[in-house]
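If you check TrEMBL, you get these features:
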type    : residues                                   : note
DOMAIN  : 9-236                                      : domain 'ATP-grasp'
BINDING : Lys50, Gly57, Arg58, Gly59, Val106, Glu116 : ATP binding site
BINDING : Asn208, Asp222                             : Mg(2+) binding site
BINDING : Asn273, Gly330, Ile331, Val332             : substrate binding site
Amino acid sequence: MNLHEYQSKEILSKYGVAIQRGFVANNVDEAVAAAEKLTAETGAQAWVVKAQIHAGGRGKGGGVKFSPNMDKLKENAQNIIGMQLVTPQTSAEGKKVHSVLVAEDVYYPGESETKEFYVSILLDRAEGKNTIVYSTEGGMDIEHVAEVTPHLIHKEIIDPALGLQGFQARKIAFNLGLEGNAFKEFTKFIASLYNAYTGIDASLFEINPVLKTSDNKIIAVDAKVTLDGNALFRHKDLEALRDTREEDPMDVEAGEAGLNFVKLDGNVACMVNGAGLAMATMDIIKLSGGSPANFLDVGGTADAQRVQTAFGIILRDPNVKAILINIFGGIVRCDRVAQGVVDAYRAMGSLPVPLIVRLQGTNAVEAKKLIDDSGLPVHSAITLEEAANKVKEVLA
Ligand code: GDP
Ligand code: MN
């Protein structure tokens, strides 16, 4: 689950990570109030208005605007709230901006130069350990840095049992070229950041840029947080931060129905019980000349209600030309599933695309008979090969 920048920063702040301060605003009046409050609290003389969407590269797309005075702030908030923001990380249509973060300007001139760094924390699956990735080349597209100057990207692997050690924090600060107060501030910053990462069971933190201000403070100017969905049950408060407007409606509906669903861009939809069988089914669809429109694991109970919900989600996709149901009846009996499919089909009246049903396992023969006798235009199969051939037939 992804969070907005303003939500991420609030969490970081609770863990003692220094951040660029700001308040979220849903309209121009709220933006003005936010700016006034910031000035009262921090003495900020200028602000930055930042579009809150679940995608990076907002600056490049015109979603982050420096506002040196109140008139500019109003104008920027007016333009950004409600805009359809296209960035290198969104689709061509972009994403609608519902709110902005009004933040204090932290790029003010001072005794030393302002510097932007890149810091992320993520799980390195090959190592089985958390990893801090960092670079002096912050503020820009890290993929570009990785391509052109890979030697400027460093990694520090953290043993989860030991946590981030003091010497590691100092090594990172040293490699970033920091000294004096900024060095000390950075070691505190990275320690709190790592604590936050483990504390909320995140799977990704990306802070780009981490800023060294002209008066040698270290703060998070941007914050991207991804939470580990499997650990969300431990964080009911964080679960409430979910913004479903940022997610694909098909994914949201599937999630609510308890279906394990991933949309793909092919033409054959599939409905399967078990993730492994779902993967194998996608292979079979490919072999039969089609291409999977989704991954869908309906789980152990493929009753009429679930099948009908799944049909509804699958059929929202205009690319779907056929549906393949592939269920292995181990604990669940095939005839029960078949009855569920027949009931769901009848409840829907008709389906706009051919349906192929392959049921194997307990009572598979009874299940096939039940479907064949239903009088519905359903292609039934017992072996996977038969099912694949039927898919080929209906696509031809
Ligand atoms: P992103 O484009 O989605 O990654 O959004 P960021 O939060 O990283 O902001 C993009 C850029 O806006 C930063 O790299 C900065 O150059 C600029 N920016 C952010 N905050 C400030 C600020 O307080 N003052 C000024 N002048 N620029 C800022
Ligand atoms: Mn950024």
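Every residue, even glycine, has its Cβ placed from backbone N, Cα and C.
Given the structure is predicted, the values throughout are model-derived calculations rather than measurements.
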Beyond the site residues Asn273, Gly330, Ile331, Val332: chain residues whose C-beta lies within 8 Å of the centroid, for substrate: Gly274, Gly300, Ile327, Phe328, Gly329, Gly361
Find, among the binding-site residues listed as Glu116, Asp222, the one whose Cβ has the highest number of other Cβ atoms within 10 Å in the structure shown. Asp222
Of Lys50, Arg58, Glu116, i.e. the binding-site residues, those within 10 Å of Asn208 (Mg(2+) binding site) when Cα atoms are compared: Glu116
For the binding-site residues Val106, Ile331, Val332, which one has the sparsest Cβ surroundings, going by other Cβ atoms within 10 Å? Ile331
If you measure every Cα to Cα distance among Lys50, Gly57, Arg58, Gly59, Val106, Glu116, the residues said to bind ATP, what is the biggest one in Å? 19
Taking Gly57, Gly59, Glu116, Asn208, Asp222 as the binding-site residues, the residues having C-beta under 6 A from ligand 2 are Asn208, Asp222
Hits among Gly57, Asn273, Ile331, Val332, i.e. binding-site residues with CB under 6 Å from ligand 1, come out as Gly57
Within the domain 'ATP-grasp' (9-236) only, compute the mean pLDDT. 96
